[in-house]
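The region 'Disordered' feature in TrEMBL is assigned to 1-21. The domain 'Glucose-6-phosphate dehydrogenase NAD-binding' annotation in TrEMBL covers 29-212. Residues annotated as NADP(+) binding site in TrEMBL: ARG66, LYS173. Feature annotation from TrEMBL assigns substrate binding site to HIS203, LYS207, GLU241, ASP260, LYS363. According to TrEMBL, the domain 'Glucose-6-phosphate dehydrogenase C-terminal' annotation covers 214-509.
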Amino acid sequence: MTPPSGSTNPLRDPQDRRLPRIAGPSGLVLFGVTGDLSRKKVMPAIYDLANRGLLPPGFSLVGFARRDWADQDFAQIVHDAVKEHARTPFREEVWKQLSEGFRFVPGNFDDDVAFDNLRRTVEELDQLRGTGGNMAFYLAIPPAFFGTVVGQLEEHGLADGTADHWRRVVVEKPFGHDLASARELNDVLAGVFEPDEIFRIDHYLGKETVQNILAMRFANNMFEPIWNSNYVDHVQITMAEDIGIGGRAGYYDGIGAARDVIQNHLLQLMALVAMEEPIAFDAESLRLEKQKVLASAVLPRRLDTTTARGQYAAGWQGGEKVIGFLDEEGIATTSATETFAAITVEVETRRWAGVPFYLRTGKRLGRRVTEVAVVFKRAPHLPFTSTATEELTQNALVIRVQPDEGLTMRFGSKVPGTAMEIRDVNMDFAYGGSFTEASAEAYERLILDVLLGDPPLFPQHEEVELSWKLLDPVIEHWAKKGKPDTYDAGTWGPPSADAMLARSGRTWRRP
Ligand code: BG6
């Protein structure tokens, strides 16, 4: 009998990840409780985790903000957020147990008394709820305040992880606005916390479909042999949104689409698509392979023709008239911030030499969709008449990250009939059709991983640096050129984006 090939090696994955992963005694201190991120993502995710039985019974949540609130006021805020945004049904008994562990500490970030109170609260929770002193500090606040807050945590004895209890800090992007500021930010964090105590959230890595890129590539034998420049023509990574900037002018203006999305989500997606097989599925091995991709990624020489950027003008979206970016509340009429960005990246490795990676993102585009399309070269020879293959385009494998999660394979097939006519068809895998359980929200997975101290899904500082290193020249180039092009809301970006691909005879997919 042939021995089974491709067997798994238990030594390579010391934690059996099929077992339910349940957090041990712990709590979380949330800074920035009034922000969108806390209300829409963090609070609902904590409830959903509790509802799924993945939090310890004594789990505690402490809110810290400049508000004159009592514990009940904070509980009401969390309650409203959960009711509006949680993924799983509201269950009174789950809520009751969870909310008994809610505390609120009022104060400014530079207020010593408030941080003394915070320390006392953390100690009390340890006594009352058995958190074991294990606390994660979640900074859902603008990066400008990171320094003050982590400084206070250190000064007030809150950042002192020991062999008996852990302390972790969770930070959200933007990790700086360029390479230099990212380094400064890292110095601030690294001055107080050890590298393995710092959890940087890139919520795309918490998405099931994004994790599935690695399963698809490395658990199967049919994709990897063609996953290289011999077969792949180019790769398109699209993250399109139909929404505008909403109430986020303060954050978005001056940041723009490239810093907001390409620097983190899209370059991480690219790294997962392009990386070599890791020797194990642990954080160190994964990061190492992603880092190699980012370190070998370069921009083409001519940035004016290989990048594109735009700003949405008024237009129609979903049958509704919407305003342009410059008319949004809080945006200066002279703003040069881009709401659409596209770049070309070349990965200089044997596997990818000559295969462009096109990355694009934008607000107010045709529809909300994130996908990775691996587009293959044409067959070297077509033994048909040219009319038979007129409607045949290139084979493609499309990883549908969201919505409508799944995978599409596009290839040519004979149209039934007496003549030989070949046309593109799609073969489809949809999560909904294969799995009964709905995917968890990215934040559920990531918060659980923080509480478990499980780091594979969190980018390390080196990856952040390499991503800025790649992107900085593009942003500098655009800054020199002044205002971006415009595109009508509801379309797929400015004409310059189409021109960027048309130069090499390629076109963007219309997802
Ligand atoms: C965030 C960006 O990281 O991702 C937002 O800052 C964007 O601008 C959001 O809207 C999109 O996330 P998702 O999960 O809805 O694709």
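Positions of Cβ are set from backbone N, Cα and C atoms, glycine also.
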Whose Cβ, among the binding-site residues ARG66, HIS203, LYS207, has more other Cβ atoms within 10 Å than any of the rest?
LYS207
Checking the binding-site residues ARG66, LYS207, LYS363: which ones have Cβ within under 6 Å of ligand 1?
none
Number of other Cβ atoms within 10 Å of the Cβ of LYS363 (substrate binding site) across all protein chains:
23
Under DSSP, is HIS203 (substrate binding site) part of a helix or a strand, or is it coil?
helix
If H, G and I count as helix, E and B as strand, and all else as coil, what does DSSP give for LYS173 (NADP(+) binding site)?
coil
Average model confidence [pLDDT] within the domain 'Glucose-6-phosphate dehydrogenase C-terminal' (214-509):
96
Find, among the binding-site residues listed as GLU241, ASP260, the one whose Cβ has the highest number of other Cβ atoms within 10 Å in the structure shown.
ASP260
Cα of ASP260 (substrate binding site) to Cα of ARG66 (NADP(+) binding site): how many Å, rounded?
27
Residues with Cβ closer than 8 Å to the Cβ of LYS173 (NADP(+) binding site), same chain and 6+ apart in sequence?
ARG200, ILE201, ASP202, GLN263, ASN264
Site extent for substrate (largest Cα pair distance over HIS203, LYS207, GLU241, ASP260, LYS363, Å):
20
Fill in the CA-CA distance, LYS363 (substrate binding site) to ARG66 (NADP(+) binding site), as an integer in Å.
32
What is the interatomic distance between the Cα atoms of HIS203 (substrate binding site) and ARG66 (NADP(+) binding site), given in whole Å?
27
Pop the Cα-Cα gap between GLU241 (substrate binding site) and ARG66 (NADP(+) binding site) into the table, whole Å please.
33
